[in-house]
């Protein structure tokens with residue numbers, strides 16, 4: 001017999017996961033569409049003077065443009081990570097895990113879409129980056145989703161919130177023998 005309450009809760013977590021994945025992905029793709037439609041590659045547009053600017057570049061590598069000659073490798077990694085996240089998503093039993101994993105998936109899919117469908121070729125596409133702070137990497141909304149998801153997952157792991165949302169009831173206490181006559185331990 002299937003517990004209707006558990007099934008309903010599981011569905012809620014799946015919807016939160018899918019909703020945050022969709023939100024991260026759609027925000028990423030819409031902002032990249034806006035940038036590629038309104039800016040020329042290499043263009044810088046100040047947003048907050050000296051703090052934030054839009055700087056349109058196409059990044060063939062990973063964060064900080066690391067691995068520029070390994071675009072295909074990053075494409076494979078992002079595809080594998082995306083599949084892995086979808087496969088383990090059914091284990092999610094916590095709202096915060098659903099949010100973190102959703103952000104991670106949405107961000108990974110956003111950059112994977114660029115790698116698959118943007119020039120120069122399928123699987124070798126360059127990622128559109130445009131958010132620029134002084135003395136920092138240029139990034140995009142997908143990167144923000146990935147980082148936000150990873151930070152959420154790390155915090156949940158550090159504070160001991162399991163992905164399935166179930167509290168661990170096991171307590172590391174030594175076994176104590178109870179005297180059946182007195183109801184107390186034998187010490």
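Even glycines carry a Cβ here, placed using N, Cα and C.
All TrEMBL annotations are machine predictions without curation.
As annotated by TrEMBL, transmembrane segment applies to 12-31 (among others).
Residues or ranges marked as transmembrane segment by TrEMBL: 70-88 (among others).
Taken from TrEMBL, the feature transmembrane segment covers 95-113 (among others). Long-range neighbours of the transmembrane segment (95-113) within the same chain, counting only residues 6 or more positions beyond its ends whose Cβ lies under 8 Å from a Cβ of the stretch, are 13-14, 16-25, 28-29, 32, 75, 78-79, 81-82, 85-86, 88-89, 127, 140-153, 156, 161, 163, 165.
DSSP classifies residue 129 (active site) as strand under the three-state reduction. The active site annotation in TrEMBL covers 129 (among others).
Marked as transmembrane segment by TrEMBL: 133-159 (among others). Remote same-chain partners of the transmembrane segment (133-159), defined as residues 6 or more beyond its termini with a Cβ less than 8 Å from a stretch Cβ, comprise 24-25, 27-28, 31-32, 50-52, 55, 57, 59, 63-65, 94, 96-97, 99-111, 114, 127.
Per TrEMBL, the feature active site maps to 143 (among others).
Residue 129 (active site) sits 9 Å from residue 143 (active site), taking the C-alpha atoms as the reference points.
A sphere of 10 angstroms centred on the C-beta of residue 129 (active site) encloses 23 other C-beta atoms.
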